[in-house]
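Enquirer: I'd like to ask some things about the structure below.
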Amino acid sequence: MATERTFSIIKPDATRRNLTGAITAKLEEAGLRVVASKRIHMTKEQAEGFYGVHRERPFFGDLVSFMISGPVVVQVLEGENAVARNREVMGATNPANADEGTIRKTFAESIEANSVHGSDSAENAKIEIDFFFKPEEIVG
């Protein structure tokens, strides 16, 4: 098994409820190590750029508005099969379909306010990490 990196966002619904520590603890309990982390308030331009792949989707405007509605915590996570492990601990996008004990089942308010984002592939993880972090900000 290879050690890899993935990208995670703790979304505004979770930071608003002071869940950053609880969510990070679940990630660490799953064997992921936080190698970079910062709390930011995304600009509209950042959110539109980050979620640009969804630009033509009907939910794009609402997604951008939500992601700029409050602070987020962007993180680089490292571990064995980090992308798959992070997605497993996050749970299904819709918290109603998420397994018990997952972040979304435990903390999400709705399919839109689902507390976390995680990269869906190693390739996208690199793109997403590079969007928010300089190499010197990642300390393994």
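Glycine is treated like the rest: Cβ placed from N, Cα and C.
According to Swiss-Prot:
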type	residues	note
ACT_SITE	HIS117	active site, pros-phosphohistidine intermediate
BINDING	LYS11, PHE59, ARG87, THR93, ARG104, ASN114	ATP binding site
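Could you place the listed features in the three-dimensional structure?
Expert: Long-range Cβ proximity for HIS117 (active site, pros-phosphohistidine intermediate), meaning a same-chain Cβ under 8 A and a gap of 6 or more residues, is found for PHE7, SER8, ILE9, LYS11.
Mapped onto three states, the DSSP output places THR93 (ATP binding site) in coil. Using a 10 Å radius centred on the Cβ of THR93 (ATP binding site) and all shown protein chains, the other Cβ atoms total 15.
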Enquirer: Going by a 10 angstroms cut-off between Cβ atoms, which of the binding-site residues LYS11, ARG104 has the sparsest surroundings?
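Expert: Relative to the other binding-site residues in LYS11, ARG104, ARG104 has the fewest Cβ atoms within 10 Å.
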Enquirer: CB neighbours of ASN114 (ATP binding site) within 10 A?
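Expert: Around ASN114 (ATP binding site), other Cβ atoms within 10 Å: 22.
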